[in-house]
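Over in TrEMBL, the protein carries these features:
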{"type": "ACT_SITE", "residues": "Cys368", "note": "active site, nucleophile"}
{"type": "BINDING", "residues": "Asp269, Asp315", "note": "S-adenosyl-L-methionine binding site"}
{"type": "DOMAIN", "residues": "155-438", "note": "domain 'SAM-dependent MTase RsmB/NOP-type'"}
Amino acid sequence: MTPSARIAATVALQAELAAAPRRPADAMANAFFRERRYIGSGDRRAIAERGWGVLRQRLRLDWHLARLGLPPTPRLLVMAYLLLVERWKAEAVQEAFPGGRFNADPPDPGEMVAIRALAGRPLASPDMPEGPRLNLPEWALPGYRARFGDALPAAAAAMDDAAPLDLRANLLRATREQAADALAAEGIGTETMAYSPWGLRIPDRRPILASRAFTEGLVEIQDEGSQLIALLTGAAPGMRVADYCAGAAGKTLAVAAMMRNRGRITACDVSATRLEGAVKRLRRAGVDNAERHLLQPGDRWAKRRAEQFDRVLVDAPCTGAGTWRRNPDARFRTEQADLRELITKQSAILDTAATLVRPGGRLVYATCSVLPEENGRQVEQFLSRHEDYVAMPLREVWAEVGPAQGAAAAPPCDGAWLELAPHSHGTDGFFAAVLQRRA
Ligand SMILES: C[S@@+](CC[C@H](N)C(=O)[O-])C[C@H]1O[C@@H](n2cnc3c(N)ncnc32)[C@H](O)[C@@H]1O
């Protein structure tokens, strides 16, 4: 592809994303490239990288365009990105839209005004309001402020960066060293992680899906924070465990490995599609102590299994406000009303999941959010409704489960909960609380 044709494809990708603003961009981008198999891998990478760059900077690009009285059309967004982020000159942007069969049409007069006005301007303007300056949406600002205090600028800046590729060695198939050696034999270098005893990191995000280490189940893709949540369950061989919001079984796989395939783990979810996605992963990982259960309205599954589980993990549906390094579009796909709705849903899920835990067992509540409303405040409210539960201090849980799994003696953070963030831990933003049911 010529550079102009790549720009035209980037505009086409933005147009598809704009046509379905509530759908996750990664799924949309996958569909976009599936329908255009003629685009080679180098071109695909370049188009995706620029497309992702636009999403990452979308709040700031929107602000610049709004100031000129212009709407964020796919073409204007790409033009603004080239000028403000890639620092192209006005003439180069104009030339990148030459018209013709494989290229984008030439700029219209309104677009020419924008090109001239934006050329040479800094992306982060001193007169920007706090939201776009920090690249945080209005609805999330109060929560981010409350969570990070003085560290807000550093926390927000780290949320802007691209995330590394994190892997978890699957102990059902290999030790971490064996998994690292297998990847190295295929030319893929890894680093061991700071906190997860099973973690390997690929800082340069080399693709691994075609590697033997991946296809043979030696490693799974999983953020370090997500691995630590599985670790905190303290699941052990012989236990009965429920992964109540299992999705496609990301954490089920890690928990099953901790159980060494002994005992029983039930992966539940309300989404049949997500649970279906678990089947292949469970097989590849060699997990044979897991069953799946689709939760449906009126389902008596939870009632019949009251107080039967040693561990129940609630990896709750949330805003994902800790994962914006990986899902930059979630910043503007989510709104204040979604946050409110999710908080209500989380507390209802917690109340049901709590009934499954046996006396003396544990409920682990986790989100990939950094917003206190979905995290500490949600847990405090749960505890006020359930006198039969107490929060276990993180240090105590870690001392019991961390070193036993080969992790360092000290937990990753000091407070009552596990609270991770890119700027402080190099992970996505995660939260977890371990709640023990009185015996
Ligand atoms: C954060 S995701 C889970 C990710 C998964 N645990 C993993 O590690 O890959 C939250 C999941 O909760 C599910 N969910 C939403 N409402 C639910 C409910 N009422 N009960 C159980 N699961 C629910 C969603 O379908 C989604 O798969």
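Backbone N, Cα and C define each Cβ position, glycine as well.
Sequence features, as recorded in TrEMBL, placed on the structure.
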{"residue": "Asp269", "record": "S-adenosyl-L-methionine binding site", "DSSP (3 states)": "strand"}
{"residue": "Asp315", "record": "S-adenosyl-L-methionine binding site", "DSSP (3 states)": "strand"}
{"residue": "Cys368", "record": "active site, nucleophile", "DSSP (3 states)": "coil"}
For Cys368 (active site, nucleophile), the number of other Cβ atoms found within 10 Å of its own Cβ: 27
Rounded mean pLDDT for the residues that make up the domain 'SAM-dependent MTase RsmB/NOP-type' (155-438): 96
